[in-house]
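Single-structure report; data block below.
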Amino acid sequence: MASPGSGFWSFGSEDGSGDPENPGTARAWCQVAQKFTGGIGNKLCALLYGDSEKPAESGGSVTSRAATRKVACTCDQKPCSCPKGDVNYALLHATDLLPACEGERPTLAFLQDVMNILLQYVVKSFDRSTKVIDFHYPNELLQEYNWELADQPQNLEEILTHCQTTLKYAIKTGHPRYFNQLSTGLDMVGLAADWLTSTANTNMFTYEIAPVFVLLEYVTLKKMREIIGWPGGSGDGIFSPGGAISNMYAMLIARYKMFPEVKEKGMAAVPRLIAFTSEHSHFSLKKGAAALGIGTDSVILIKCDERGKMIPSDLERRILEVKQKGFVPFLVSATAGTTVYGAFDPLLAVADICKKYKIWMHVDAAWGGGLLMSRKHKWKLNGVERANSVTWNPHKMMGVPLQCSALLVREEGLMQSCNQMHASYLFQQDKHYDLSYDTGDKALQCGRHVDVFKLWLMWRAKGTTGFEAHIDKCLELAEYLYNIIKNREGYEMVFDGKPQHTNVCFWFVPPSLRVLEDNEERMSRLSKVAPVIKARMMEYGTTMVSYQPLGDKVNFFRMVISNPAATHQDIDFLIEEIERLGQDL
């Protein structure tokens, strides 16, 4: 294991584990030896201690090992201001950190050095000369490092090395040339908020254990409902572990609204329920139906037009078919920003149909909800205010660190009635404050992570206008890419017309295929192009873009932009890199 006294780590050169008042001990000499750099100090310490006194392998008592690693504070200040260079991580374990006696100084030093690793990673994430990914195949990583869990603890030097190794092979999702997922970017205020949230380490189920966070969730959800267009921000909502769970919440509440007895008696007490969503919608709708006992066969996929938008006439036709069979339509899930095409279903037309047949209307705006922050683009969600529930993921288009997904419900109190179980050890009715702030009983979870603070703090730092500028920039970059490649040799668009969102879908056609007729052989060969280029991107580590087939369309690239760090130059680079990597195919 490399010494922390050299190279990347630069943790300092002194070991404070010795007893300064007893210079005759090996420990005191070790402290002197630690003044040598380049790892020599650690080697000298090993010689001075001998094999029998190595803290990690000695096999001696816990007390003797702790004494060997003891770090004494001499500054008498709170917090401790002793130089971190006095700490030798090779001689320390997690048990030497707080709440250990005299654990303050090594704790501060250790966390500061973890922070240094993180900060270097943050800086590298925005450096275009660094790789987006240092790709290794799974078997290579498994063979190159020992990832197994052991019975005996490792020292803190090794723990810091694990931190470095983990980040070395992690995807730099904040890199300006990472376009692979809907969630990209690395916001500094959001990152700081996430660190604070983890430090507070509390749960969101009652006001008494999360007073500030519960209030911030109340304020933030109300603001989001106002932006949707519900009068005065009325309604309800909750932050959940992602858009898939938010969509399942909507399905759960819609079912309860129509058949409240299902909560106690189960699906056997209700007729067969049918949900409707577009054929381009997110797979989470079917997952939710499976989890809730409704069944995937009870999710009817509605046809889309060539741009990926739900066709209202087909929706109404399928509703009538279901009703004629004696089944009960209970939910229509429209999509505002589909995952692949970035399409926006015609919400006003869908709302009219839902009103006509008295069906719960849900809008999955996990990807497109961020456009509500933009005066220029929010028209694409016209009609969202007529929905009964909305999924909105700020961790996507708004760049909030994962995870941050909200379900907003128009009817106040419905979520509480649907999910509450009155656990008396948490939700006592005789508390000395307003019990409406004990939000945990309306959630499916008991333990619930604090997801709101990242969004709230970013909103305070950026303002609504800052989010608007972020979103407008990303959509402008998508239009820039579209305008470059729509008539460029070697590119074919998957659908005609300017994209509505930042999704730009296209094929790159290598020179060898450009002369072929548009037939089955050409399509078969074209389907193999995107996977090979993507693999080469990852091998070189220069950029990342997703690809997929859809319906009768063979593998194509789906470019999405949600990272405000991206520029026109990064789009130019992407085009050139695709051409470089695909010319010989």
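For all residues, glycine too, the Cβ spot is worked out from N, Cα and C.
Taken from Swiss-Prot, the feature substrate binding site applies to Q181, L182, S183, R558, supported by similarity to another entry. Under 8 Å, Cβ to Cβ, and six or more positions away along its own chain, Q181 (substrate binding site) finds T173, S546, V560.
According to Swiss-Prot, the feature S-palmitoyl cysteine maps to C30 (among others), an assignment based on experimental evidence.
The S-palmitoyl cysteine annotation in Swiss-Prot covers C45 (among others).
The phosphoserine feature in Swiss-Prot is assigned to S3 (among others); the stated evidence is experimental evidence.
Taken from Swiss-Prot, the feature phosphoserine covers S6 (among others), and the record attributes it to experimental evidence.
The phosphoserine feature in Swiss-Prot is assigned to S10 (among others).
The phosphoserine annotation in Swiss-Prot covers S13 (among others) and is backed by experimental evidence.
Taken from Swiss-Prot, the feature phosphoserine covers S17 (among others).
Per Swiss-Prot, N6-(pyridoxal phosphate)lysine is recorded for K396. Counting only residues at least six positions away in the same chain, the Cβ atoms of L182, S183, G243, A366, W367, G370, S562 sit under 8 Å from the Cβ of K396 (N6-(pyridoxal phosphate)lysine).
The feature region 'Disordered' is assigned by Swiss-Prot to 1-25.
For S183 (substrate binding site), the number of other Cβ atoms no farther than 10 Å from its own Cβ, over all displayed protein chains, is 22. L182 (substrate binding site): 22 other CB atoms within 10 A of its CB, across all protein chains. Counting every protein chain shown, the Cβ of R558 (substrate binding site) has 23 other Cβ atoms within 10 Å. In this structure the residues listed as binding substrate are Q181, L182, S183, R558; their two most distant Cα atoms lie 14 Å apart. Taking the mean position of the Cβ atoms of Q181, L182, S183, R558 as the substrate site, the remaining same-chain residues with a Cβ inside 8 Å of that point are N180, T184, T339, K396, S546, V560, S562.
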